[in-house]
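Database features, via TrEMBL:
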DOMAIN    50-300  domain 'G-protein coupled receptors family 1 profile'
TRANSMEM  34-57  transmembrane segment
TRANSMEM  69-95  transmembrane segment
TRANSMEM  101-123  transmembrane segment
TRANSMEM  144-165  transmembrane segment
TRANSMEM  205-230  transmembrane segment
TRANSMEM  250-268  transmembrane segment
TRANSMEM  280-302  transmembrane segment
Amino acid sequence: ARHKKAFMSLNSSASSHPPYFLLTGIPGLEKEQFWIAFPFFIMYAIAVLGNITLLLVIKADPSLHEPMYLFLAMLAFTDLVLSTSTLPKMLAIFWMGSGKIGFVSCLVQLFFIHTFSMVESGVLMAMALDRYVAICRPLSHSSILSVTVVVALGTVVLVHGVLLVTPACFLIHRLPFCHHRIISHSYCEHMAVVKLSCGYTRVNAIYGLFAALLVVGSDTFLITVSYALILREVMKSPTEAPRKAFSTCVSHICVILAFYVPALFTFLTHRFGQSIPPHIHIIVANLYLLIPPTLNPVIYGVGTKKIRDRVL
């Protein structure tokens, strides 16, 4: 009887899933979306071209098979997945009004967006640790961060993201949605989907908050500590070597700010920013997934001499 009841509950939940959701794009700017799509498309083209170029350059040049550049390759791959998970569908909404997305497709998009957002945060944290070891422990850098260790760190970051986001998808799958299908967003974001449910969603909201705070909190803490130690080392060193090495951190700091500032704004707005106009929130949420993939290859391509010379 217990198994039969569980099966009926699961079947009831599955039957309450809508066959599709309807993404509206940017609420309040439906008429302007057609023109907004053009700069978005240009940024996406730069992101794809730039990150593929970075991957090819790092793969082709054995001298770039070092921790800093291997982490950069991970960042480029993550940016490609993040931007491609959202922009093609977003452009279809803006240009063709094609906002329909199947329930399973919506969950898949949600999974990739949130998993690789967490992966990007983890890679940025790993890059900060790499800069700390390179500047504060230069003689031990090659032994501490070998290629094997770098690959292991990348694997841990990826698995960590997958393990945290997968339960959120299952929690959404168990929810009933009644007749609510319209998502006031340009992509399937976790809380935007959860808010459509007519069931009990507190568990979903608490888990989403827990996962976000766990990842962002730990990563930002380690990044802050790493750069605090780097600054202390640079300030107390009588030689120029650490200061020259610190110049390589400037581009990394720009990348960190470009990722975390809009991410923090989007995260807080979803939960506490009811007074913020929806179109402002959605535009920032879109840029949060587009600005870092666009800027990262430009910043590192221009700011890193080895990569710049190799590209030229």
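The backbone N, Cα and C atoms fix where each Cβ goes, and this holds for glycine too.
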Same-chain residues at least 6 beyond the ends of the transmembrane segment (34-57) with CB under 8 Å of its CB atoms are 26, 64, 72-73, 76-77, 79-80, 83-84, 87, 90-91, 94-95, 283, 286, 290-291, 293-294, 296-298, 300-301, 307, 310-311
With the transmembrane segment (280-302) as the reference, which stretch in 101-123, 205-230, 250-268 has the largest tally of C-beta pairs below 8 Å?
250-268
Average pLDDT across the domain 'G-protein coupled receptors family 1 profile' (50-300), rounded to a whole number:
86
